[in-house]
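Lifted from TrEMBL, the feature list:
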- A:12-31: transmembrane segment (TRANSMEM)
- A:61-82: transmembrane segment (TRANSMEM)
- A:94-117: transmembrane segment (TRANSMEM)
- A:238-265: transmembrane segment (TRANSMEM)
- A:277-299: transmembrane segment (TRANSMEM)
- A:305-328: transmembrane segment (TRANSMEM)
- A:355-372: transmembrane segment (TRANSMEM)
- A:392-413: transmembrane segment (TRANSMEM)
- A:425-444: transmembrane segment (TRANSMEM)
- A:482-500: transmembrane segment (TRANSMEM)
- A:520-541: transmembrane segment (TRANSMEM)
- A:608-626: transmembrane segment (TRANSMEM)
Amino acid sequence: MSSSALAYVRRLPFIPVVLILALIALFSWQLPQQGGSGVLWQGLIAPGIDQPQQLLAHYVWWPRLAMALLAGAGLGIAGVLMQQLLRNPLASPTTLGVSTGANLALTMATLWAPGLLSLGREWVALVGGGLAVAIVMALSWRRSLAPIVVVLAGLVVNLYLGALSTALLLFNQDAMSGLLVWAAGSLAQNGWADTVSVSWRLALGVLAALLLLRPLRLLELDDASARSLGISVRTLRLGGLAIAVWITATLVSFVGIIGFIGLAAPNIVRLAGIRSLSSRLIGSALLGGGLLVATDWFVQSLTGLLPVIIPTGAVAGALGAPLLLWLIPKLSLTDSPPQHHLSPTTYRHPAPQRLVLVMAGSLLGLILLALFCGQDIEGWYWLKELSLLEWRWPRVIAAAASGLMLALAGTLLQRLSGNPMASPEVLGISSGCAIALLLSLFVLPSEHSLGRIAIGAGGGLLTLGLILALTRRHQFAPERMLLAGVAMGAVMDALVRMILASGDPRAQEALAWMTGSTYYVTASMALGAAGLALVMVAIVWPLQRWLDLLPLGSASSRALGVPLNQARLLLLLVVAVLTAGATLIVGPLSFVGLLAPHLARLMGLVRARWQLLGAGLLGTLLMVLADALGRQLLFPHDLPAGLVAALIGGAYFIWGLRRM
Amino acid sequence: MRRIATLLGLLLGLAASGWALSSVAAPRLATFDFALGETLNALGHPPVAQAGLDGYQHYARQTGIFPPETANLGGRFQPNFEYLASQKPDAILISPPAHTNLIPKLTPIAPVETFRLYHFAETAPDDWLTIENMTRALGRRVQDPHAAQQLIMQTQQQMDQLKAQVAAVKSPLLLVRLIDERHLRIFGPGSLEGMVLKRLGLTNAWTKPLGRWGFVQTTADQVFQLNARLILLESPYVETGLQQQLLSQGVWQYWASAQRGDHRVVPINFWSWGGLPSAQRFATGLVQALKRPSKAMNQRSEEATE
């Protein structure tokens, strides 16, 4: 007994203790600001109409505390449910795309069908969140919901839905300023109405979860054993997920996206050695509530210092990411056996030269179209004025160069990890560049493009270094590297939401860049990008042998004489530079790095040489096309190339993923 | 509304007569900033191209103030270069810090002229003077200084009249836009709202720091205890009556001003960083609102305070 208690204490991470101390400290900071315990108490039970501090306590402070507790607890419960149902320690409202889906649905409803919202915001959110999860499930179904595939699909769906929201935002910014504050996850309250609505909706969800408690417990066995005990695993999963989505959608519709609590709380509870499902539910609810209250009190102590609303949900996301990074080495993920997707049995094109030549020909034709065709106030035209070229060639060249760089980076990563879903976007290198650049936009007084390149590359390299350091112990296992990507993506997302919610007009510049517009590209930048792309091609080309051998797995490649660690390091460095260069121009959202190598392989370009060529050409093609469409389609308005590429490429990718 | 219409008519008439006097063809000016654009328009020399035309006109509820020949360059922050170049402007007018990152791409099209308008630092030059100077400079730029002088004098006269009408208003005013039932935006120095308040001799109740653009976004607890009369600015993007409806929720219904019933709703029909035409519109709307008799939400508490 005593030894097991000791083991329990040893396994108990310091987080709950730190959390309680932090809560005490933050509360003692809050108390005098709210007028002392007398005011708070009086405010809770019977505020005097002529006592402003008591009124504030009654209508603002207490409901906000209640909402933070409810939201944290709800997300903790939803997280445990999802993790139990999918047997996946990384499932959570944020990683499965529920929050993003709910957010997008509410945004669309606000813009186009405000009538729907009067039916109940949570229903709209429920549909959006449910659809997002359905897509994620559909994408990972054929891989029998393998944890890492689910998370990866969630990441891609998150990126895609985020891109859609951003596209809506670009054209409706004045109209959406209010929506932005909500979407960023502000917990500010004004009265008890929201708290009451959330409580009974959550209570319904929790009640339903309790009814499922017994069958849920049996899910800890594998599917076959559970089935032999008379459980329909599929029905159980569907029902359980519906409950988790209901809880999440309710919370999103009232307080916006709250990052990471739903992922962190259940995992910390599990690491603390709490095993039984009911204890994990209770523990996660308590911990989630505590974490969110602590975050919110921290945020409140900053309010007044800055002339902006600091959204607690986004802060939770930003603070939670390091927590996830810290958890990565501790999670007992069953590192799945290497997937030989690139195995020789894949379809091989009989004449790769001819295919590549056709691609090159189409690219040439497209570039001519992009340069000479267009729309103006009188309609479409061909070859109007040669002076237009002056505006177009830098954009076309820059788009082409960044498409090429992303495609190369993606090819390298996919061959390196043997994982067809690896890409700079997915690994968080793009996000790392973006974070550094966003911060520079607001911290540095003025920007120079050269300084920006350095900052962006620095951010990308730092991310890559971090990923390498974190996954070293696991021989740079791709699964763990992808997790770091999830964390970096979350930080970027949180940052963007904070900036947008601030209402600062500089947010527009950040937004334009985030969405990857070639609008700001100058001639020298375009030539620089093209030069960088060519240099990188020259570096990558001689490495074909490694790239052919690496997908065979570490043992085989080592046996065939690849200096594994050096090869990986060099290739990853190349990836960082390629990604930073491309991200600076087309932003972190495009899916080209994911899509181009994948498409090339589907077309039968299997060997490294042909995949590099094919992916490079396809990436260039896609980006030039996206840029041309973005420039001309909505004339005189400009749609960013990165966004158009993401919308085209992401849709194709999600569609194509079904078959993997 | 009719007063505004006659006023505009008067303005346009004056401007037109000024234009007729100038013999040289007016320069072709393109602008990305609405303060510059609407001022040029009011001087009777509308810009040949304006960025963000739709958004500006919708926000300021001034759809159709520009003549149809004015080219709409697309997004406010990303004007279409190809279209702009095809308009062959003689100069491109911008207002820093916005659009300064575009200067390298703009100079091959036409010289860029900058007008720094709203400052937010305490030590900054007076906004009103800055806007008047900008108006004068634009008048010189279109070789019609007379029109500029007319606009300035006419605005000054109008402001003096309006100021006299609200001389009795002593209580500080809090310029608020309720974003939703939980968040609000407050305007102060560095925005047109703050500038007009000062020009009319009214006091702004918000004295705490503001963002670089003359507004702050915050929550109820930060403003509830301010002693102020509320001026609620209604955005053109939400349905009429929403501000009043939001005010009845939660703690806001106990706001001293709401209790007294001396709060007022002013529809936004101006650009928040606009020029003298926007200033006239806001000042007129504000004074009209302040002169409206109180409709107390809570009759008893109003009697108690009076």
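Backbone N, Cα and C atoms are what each Cβ position is placed from, and that goes for glycine too.
Using the rule of three or more Cβ pairs under 8 Å, pairs at least 6 apart in sequence, the transmembrane segment (A:12-31) is in contact with the transmembrane segment (A:277-299). Counted over residue pairs separated by six or more positions, the transmembrane segment (A:608-626) shares fewer than 3 Cβ pairs under 8 angstroms with the transmembrane segment (A:94-117), which leaves the two as not touching. When each of A:61-82, A:94-117, A:277-299, A:482-500 is scored by its Cβ pairs under 8 Å to the transmembrane segment (A:305-328), the top-ranked stretch turns out to be A:482-500. When Cβ-Cβ distances below 8 Å are used as the criterion, the transmembrane segment (A:277-299) is approached by residues 16, 19-20, 22-23, 26-27, 29-30, 64-65, 68-77, 79-80, 84, 187, 209, 213, 216-217, 220, 258, 261-262, 264-266, 268-270, 310-312, 315-316, 319 of the same chain, each at least six residues removed from its ends.
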